[in-house]
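Listed in TrEMBL for this protein:
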{"type": "DOMAIN", "residues": "328-432", "note": "domain 'Sensor histidine kinase NatK-like C-terminal'"}
{"type": "TRANSMEM", "residues": "12-31", "note": "transmembrane segment"}
{"type": "TRANSMEM", "residues": "38-55", "note": "transmembrane segment"}
{"type": "TRANSMEM", "residues": "61-79", "note": "transmembrane segment"}
{"type": "TRANSMEM", "residues": "91-110", "note": "transmembrane segment"}
{"type": "TRANSMEM", "residues": "122-142", "note": "transmembrane segment"}
{"type": "TRANSMEM", "residues": "162-181", "note": "transmembrane segment"}
{"type": "TRANSMEM", "residues": "193-211", "note": "transmembrane segment"}
Amino acid sequence: MIQEVLPNIPRHYTALAEWLTCVVFIFLLAAKRERWQFLVLLMGVGQYALQMMVGSWPLPLWIPGMVVNVCWMFLTIVVSSKISLKNASYLCAKAFIVAEFTASFTWQMYCQLILNRVAKGAFISIWFPVLLYAIILTTVFLVEKRVERTDVNLTILNKNVFIAMLTAVIIFSISNIGFIISRTEYSFGDPLSVFLIRSLINFCGICILYMQENQQYEHHLQNELKAVNNIFQNHYEQYVAYKESASLIERKVHDLKHQIETIRSEENIEKKEAYLEEMTKAINTFSSDIHTGNGILDTILSRKNSYCLEQDIRFTCIVEGKLLSFLDTMDICSLFGNALDNAIEAVLRNAELEQRLVNLRVSKRGDFVIILVENYVPDLDELSEGLPETTKTNKDYHGYGLKSIDYIAGKYEGNMNVSMKNNWFLLKVLLPLPATLN
């Protein structure tokens, strides 16, 4: 059996690898808690105590013992940083495989080069594992530091966490299967070969996780490129709109001169009022620009406001646009575009013009930004699964607007809520503000 030739990895080796790996990933995080060093040190003592405790458990409880220690690694990341539970789960899966490789490879090298060759307690026998741990974890630190994918952490999805955790479980299972098979007639070979296979599989697991992360990073860069192109397109469309407005203003100024002369010469009061109403609408059309402090949002809201003026919709807008600087351009366009389109579509069904009301508010409350879209609806259909029933004939393609908003809210660790209050349909999106904007 394998333990007759090579001893199992000492528990303090595993505990140290698990704790130090967590320290590396926590140190690289921008959002750490106050006195995080003390918290990490305290959790390290707990990690060591747990490993010593589960080491005394019988062999059938080996897997539950590993689960307990992985949960402690997760807890270490959570209590020492300010990242979300989802991001902490992702980091924990990566840290676990790195820790497994660190402990396995170090112990394998120790057994091959030091054990039974150097007197126990000798200087090299003590510092050899320390040196290997330092080399491996410093390499991991430099790799993580070099890529600096902090923006990607904002866009880690549930599927990314699931894939990372599933990869960690599969790699751990395959890397340790040699120890189980070695007790049967289907052995992988001598004990050193089993240890070597374990280390190689763990290393492959690290490579797989980094390949997955790199693929996610490339996807993030592609989205950024689309966002930049979208900015250029928005600026171009804004330029075209302003150019068309300037030309239209010249024509309208010419028309207004004639209308003023007509009003001066008109003696009928009703006709004068009609002319003045027409002039007021024309003037309002050219005062539809909205300025919030966010250029992309300004373009969207200005277009919606112009459309609302044409359709006799009263659009009230109170927005702190700078609060939305952490959102991707595409997400801003999709979120506000869908929300306002739904509200405008709803109020257009109101026959009475005074009921065509749409309100938009974006404000900060505590550590959150609140986006609230309200529209007046005299007769609202019942909500279905939190979303309003469609009034369109083709129901197959309806509802994706609100689902898109819900998806964007979840992407930034926020949530979307719809409700009905006094004939007002309320769409509220709550998003946590990044630490840099608090």
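Every residue number used here counts from 1 along the chain in the order it is shown.
Each Cβ is built from the backbone N, Cα and C atoms, and glycine gets one as well.
All TrEMBL annotations are machine predictions without curation.
If you take every residue in the domain 'Sensor histidine kinase NatK-like C-terminal' (328-432) and average the pLDDT, you get 81.
Against the transmembrane segment (38-55), the recorded stretches 12-31, 91-110, 162-181 differ in Cβ pairs under 8 Å, and the greatest number is found for 12-31. Counting Cβ pairs under 8 Å that are 6 or more residues apart, the transmembrane segment (122-142) and the transmembrane segment (91-110) reach 3 or more and are in contact. Sequence-remote contacts of a segment are chain residues at least 6 beyond its ends whose Cβ falls under 8 Å from one of its Cβ atoms, and for the transmembrane segment (91-110) they are 9-10, 13-14, 16-18, 20-22, 24-25, 70, 73-74, 77, 83, 125, 128-129, 132-133, 136-137, 140, 161, 164-165, 167-168, 171-172, 175, 192, 195-196, 198-199, 202-203, 205-206, 209, 213. If one looks beyond the transmembrane segment (12-31) by at least 6 residues along the same chain, the residues whose Cβ comes under 8 Å of a Cβ in the stretch are 40, 43-44, 47-48, 50-52, 69, 72-73, 76-77, 80-83, 91, 94-96, 98-100, 102-103, 106-107, 129, 133, 137, 140-141, 144-145, 150, 435. Through the fold, the transmembrane segment (162-181) approaches residues 2, 66, 89-90, 93-94, 96-97, 100, 104, 187-188, 194, 197-198, 201-202, 204-205, 208-209, 212 of its own chain, all at least 6 residues removed from its boundaries and within a Cβ separation under 8 Å.
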